[in-house]
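The NADP(+) binding site annotation in Swiss-Prot covers 13-42, Lys160, and the record cites similarity to another entry as its basis. Feature annotation from Swiss-Prot assigns substrate binding site to Ser143; the stated evidence is similarity to another entry. Taken from Swiss-Prot, the feature active site, proton acceptor applies to Tyr156, supported by sequence analysis.
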Amino acid sequence: MPANYDFTDKRILVTGASQGIGKEICLSLAKAGAQVIAFARNEANLLSLVKETTSLRYTIIPIVGDVSANEEVLFKLIVPHFPIHGLVNNAGIATNHAIGQITQQSIDRTFAVNVRGPILIAQLVARNFVDRQIKGSIVNISSQAAIRPLDNHTVYCASKAALDMVTRCLANELGSQNIRVNSVNPTVVMTDMGRDNWSDPDKKKKMLDRMPIKRFAEVDEVVNAVLFLLSDNASMTTGSTLPVDGGFSNN
């Protein structure tokens, strides 16, 4: 179960919000009193998410869009929802190609979603923090793949390593204005997609053999890390990359 946090009257933008980790972050924030702005491409899933929160103080506000859109489009989609007090850059894609099979299209798409989008959205939100003197928090959802290499994941690993450096650079630039920026770096997470992708026993064993804690992460374990970093409980934490990986990155 997610830990108890109070985000009453806070407005939090979450990308990649229509399924998996992003959806559960939205629901947990809404239950903790936040006004959640849920950004994703899948309109049907977003509307379903809104229905799940109709009994709460705030319903979730959906934004249908793609984080890889250009800066002008992102501005038009996001800025009307200011002020925002927190951002979770959760949207991301994974590519699985061995060297010799990687395409330029795969590289461009992966970096557009996993790096360029988070930078542009963080920049918009940070301007909102500064203009309104908000002590805001940004959490980027990265991966254990930013810290340790994974076979056949060169493009994905490179994109998440780049995102971790974005976290550190933003933390360095924005800290003097009381804006915190951190990353959460999970292992495989037991979403529906995670269960499907890691159902093969041999594939699963190969990964678990590298982990001191011999299991994959539950969604709540990632959500708890995100809510902690968004909250005032983490008021002295910035520039961190927080592994939720059962010790994978320690080996």
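Any Cβ shown, glycine's included, is placed from N, Cα and C.
All protein chains included, Tyr156 (active site, proton acceptor) registers 22 other Cβ atoms within 10 Å of its own Cβ. Rounded to a whole number, the distance between the Cα atoms of Tyr156 (active site, proton acceptor) and Ala17 (NADP(+) binding site) is 20 Å. Across the fold, the C-alpha of Ile21 (NADP(+) binding site) and the C-alpha of Tyr156 (active site, proton acceptor) stand 18 Å from each other. Here the Cβ of Ile37 (NADP(+) binding site) has 22 other Cβ atoms within 10 Å, regardless of which shown protein chain they belong to. Across the structure, Ile25 (NADP(+) binding site) and Ser143 (substrate binding site) place their CA atoms 16 angstrom apart.
Other Cβ atoms within 10 Å of the Cβ of the residue listed as 'substrate binding site', summed over all protein chains shown, number 30. Look at the binding-site residues Leu13, Ala17 and count other Cβ atoms within 10 Å of each Cβ; Leu13 has the fewest.
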